[in-house]
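Input: a single structure, listed below in structure tokens.
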């Protein structure tokens, strides 16, 4: 079984759906915590399950470097390796084309990238990316793409688009020769609408199980991100999942749902937690602030997470003040619980046709 998608309800452009995968059902819209190295930082699989995470994301390139494909084959895939029995989506390594630019070489065949671990060179092709993701055993595989950096010329964006389409075709062909894992195609096109249109036509003409919007939220202005998404999302098939790659702020998430997006991922909630920032229903809260030294309140009184049920702002501030890792753990639990709660409330609001009210509430505190 690869993937089955049901579109249960729409409210304006917002979509309430359900994805059936080999390791479970995913209710959408949904936020996916990022577990780059087969772990979500500072979280156990049990904790992830308890906060309501439905699906997590792993990074194919990093997992290919360490622990290596032989380890995944030995364990029978990532689910057994990390003891997470719910769905996993893997990024193809296309983002590393963008992020690991030093010493890279891009050809029609693939991308020569330096390992951030030891500087060794690796030629990543669409075929190798599929072999990696097949060995990892992810429920959703991403096609290998060229995520171009912001600010490139129209001419260079055309090259990136054409390589993305070529590599998408090769990714699909290779994966189908290996397994029936679900695979998503990725629409690129930088910040040019004519190229987004062309990319969407080319990628959606292929028999992918779902589609992603890539190459956005990579440093450009917010208005550009949203404008490109609102333009691109309607070009994707209604009967397949739509995934925006790299969105973790509550504001962006409600605006993406309002644009017709079903899935999103980001390291943002876990990263800001490690720096003392909590996400709450009344905006961001910096737990390091001196004003919380004598506070008995939880991070968020309306939150039902383990952290908010058991610990005060004063205690968590003390942990950060003393450099205790428990503070980072407790805030990570809270922030990911908040993201799951936000996703759940979004789903309920679409069912009840109250999504715009919820969106307005979020935008009031995350302007």
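Every residue, even glycine, has its Cβ placed from backbone N, Cα and C.
Within 10 Å of the C-beta of residue 91 (active site, proton acceptor) there are 30 other C-beta atoms, taking all protein chains into account. Under the DSSP three-state reduction, residue 91 (active site, proton acceptor) is assigned to strand. Swiss-Prot lists 91 with the feature active site, proton acceptor.
Look at residue 265 (active site, nucleophile): DSSP puts it in a strand. If you look up Swiss-Prot, you'll see 265 marked as active site, nucleophile, on the strength of sequence analysis.
Marked as substrate binding site by Swiss-Prot on the basis of sequence analysis: 91, 92, 93, 94, 95, 145, 188, 215.
Within the same chain, residues at least six positions away from residue 334 (Zn(2+) binding site) with a Cβ under 8 Å of its Cβ are 273, 278, 279, 299, 300, 303, 305, 307, 308. Taken from Swiss-Prot, the feature Zn(2+) binding site covers 303, 305, 308, 334.
The region 'RNA binding' (270-274): residue composition by secondary structure is 5 helix, 0 strand, 0 coil, according to DSSP. According to Swiss-Prot, the feature region 'RNA binding' maps to 270-274.
Each of the binding-site residues 303, 305 was scored by how many other Cβ atoms lie within 10 Å of its Cβ, and the smallest score goes to 303. Averaged across the region 'RNA binding' (270-274), pLDDT for the predicted model comes to 98. For residue 188 (substrate binding site), other Cβ atoms within 10 Å of its Cβ number 30.
Among the residues 91, 92, 93, 94, 95, 145, 188, 215 said to bind substrate, no two Cα atoms are farther apart than 15 Å.
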